[in-house]
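Structure, as structure tokens:
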């Protein structure tokens, strides 16, 4: 059923749309960003111009983009989704060919004043593509094998390209975001069961085969897995960071050491304390109270998105909202799980808090589409 | 329409169910995170707080053991030995180091001068820097300090590895030595390995040690230790062993190298022995030498000044850095250039009246009376200069220069040694570029007998000899294997010289040794199977003025040492199936036939025999002298091979 079949006369038009925005979501996003500004200010040793100020400008720009995108009608997003996806795919191929090496991986395309990171754009484009796909696909076909294979291919294609850069964090994000969308679209749980079972089985087989004649991987690859699973095996590498991060985090206690009083985070033990490890600074300086507050803010953002999606009768808009919020969820869950030592170390920022322009911009643009879905939902 | 309606209804309902399921999963994950946060920050906060306050976990680097260097037979020529030392940290000593030092001086000798030096150093360095009080302690001293450690606050007995060169000076120029890392060293390295920052770490300064630093250094390990607030280690949390550097095997034969060093004695000289087929440098020895172990330990001022001021320049590597006018050893180059040009052949003759006049200048032959009519072989055998004066005028310098480069003179040979000299194989272009002057005919005459602008290192002379002997472009090689992996022997291309011409040059060299008029006849090998070929050279280091000539040329012995001629000699053997090429240069040694040739012959014999030269291989009148010489030597006799490995 196409969008225009709904009664659209009650959809707000023009500047009246601003009244129909999901305002709680706007305030929640701003609140999370404020946590980020505070922490960046603190990490820079009480200097705003190092990280906090640029971050504020970017947040401002991101907010503006969000509002602008929110005003764009939903059917536009549906119409461009396939083009956006193909364009991003081409950019990923281009970055493979001409991209600059940044931080040891090929991620950027330099376009003069703008540095384009196609893998970030892909996070949104993939969600758009899949939402449009499931909007178009008749419901009874959703779980048919052929119609399941298509979205799987749509997910794996960019993932493979991103993995080759190599950027494990973003690859995981793409797979998880796409998986969440497929889950929400109603793909039979059997598929998920089989995939999870297969992965668990494979991991089990790989680990079990170690030391036997039919060993599946080379010895050095196992040693790499060891480091991956237990960072203390590699005291000079990632393990050191994680140990120090946990000490910082744990030593925060109930109320923390106070703003700008963190001792662990102030020592330069973390190479990227303003990006991937910023949560430890928050947890050390504001303690359990501060950390749990941020977690609650994140949860509320998820909740408002989910509520908006479930109350949206337009399948595209609902799926888009779930997809974007799902990506957001994977973002912060991986980052927090990592610094708390629950997950292996994967480079992944804390959304809206970590220093970094592209990620924040893309995320806010994604929320712009969530807002658009909210504003233009059929009533 | 109705069906569509139902499908939409279904879709929305299903989305609702899945949405709630998703919400449940997400809530579950968030709850897990929250619980983990609670566990870390509320339940275990005290432990983490302690770790944080004690400031806690430190990384201590474990310096890797440096790779060993072996000679071609597997004898260790650079190894590591256990070194016991004791360090003191001012902060841990409670700020006051002197009482601790006084107590320490009862256990190990610390002179008053050293004490003052140390106190000065402590006042200069930061309080937390450990400073080495004494190095290379005996095990007893080390033990007594360890036992008394509780009474010596801040004193840490440490054991580490330090470089040792068991062969002393024999290989000093080849291997070089290691020394403490200086700021200058660090400034040259783009991304210094953190292990270089360790106070006691040493890196290769010159020679193979420097050139193969990356290979030899190995990879640092690390210990993760928990320290208390005073900085003392409480326990070790993790340890990752480093990796020892690779074992490097050189092509050098340590015993032959040792014999060469002994044979040259106190002369200021250089000897190179090269395998004619593979290019392996079996010996590359510069004399006199120095003890590299002194540099590892930090050489004292007086010792260093003595080395610097010695007129025989022990620190210079004369084999590859030193360049000399090759003198008559260059005549093979000129001869081959002439033969290859087609302008002369084996039977071409020139008349030597004792001198020749070109452009108003008189060029003398070394034999004032002249040699008479000379052909190619005779010109080498008797080393007639006029033959080459005449020849060079016909073929021109460019052919000579090109032939020299073809035979390895005037080109840099890639070796992992310091300051490998390029030498000079001059031609018209070279002079124009270097001096902005036109080439003069007199320059050609000088160059034709290896004087004037021509300069070659002993290494290049050995390469030249090996190339003449083999007819192939053999390249010198110093590294035989790294970590047991044999290094490839580069395929030596044919030189592209005519067989007949090469054989003529070889026959000339054979006649030098064995011909009736041979200039090095006294230094021949008497065993037929080792028959040798060679060429003498004597190169002037000063110009003989006309006035001197008028007074009669003064003999070398009457001149001060540093104005005497350089003595050179190149040779190879066996003549029929060449195995080794040798070059010897004795600085200011006088004549090549008397000063350089006997040394080269004895070294060559040692290489061929694989041990002390058998006395019956030298002319009978020299046997007694050689035996006496051998008895006076302190030769290196490595442990005999294990009985199990040799067959009875």
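Note that Cβ sites are derived from N, Cα and C of the backbone, with glycine treated the same way.
Residue ranges A:82-101, A:222-241 are listed, and TrEMBL annotates A:82-101 among them as transmembrane segment. Within the listed segments A:102-120, A:121-139, TrEMBL records transmembrane segment for the stretch A:121-139. The range from A:264-285, A:286-307 that TrEMBL describes as transmembrane segment is residues A:286-307. Of the recorded ranges A:56-76, A:145-163, A:319-346, the transmembrane segment (A:175-207) has the largest number of C-beta contacts under 8 angstroms with A:319-346.
Highest Cβ pair count under 8 Å relative to the transmembrane segment (A:20-44), across stretches A:56-76, A:82-101, A:121-139, A:145-163, A:352-370: A:352-370. Note: the stretches the transmembrane segment (A:319-346) and the transmembrane segment (A:121-139) are in contact (3+ CB pairs below 8 A, sequence gap of 6 or more). Within the same chain, the transmembrane segment (A:121-139) packs against the transmembrane segment (A:352-370): three or more Cβ pairs sit under 8 Å, each pair at least 6 residues apart. Counting Cβ pairs closer than 8 Å and at least 6 residues apart in sequence, the transmembrane segment (A:56-76) and the transmembrane segment (A:352-370) reach three or more and so form a contact.
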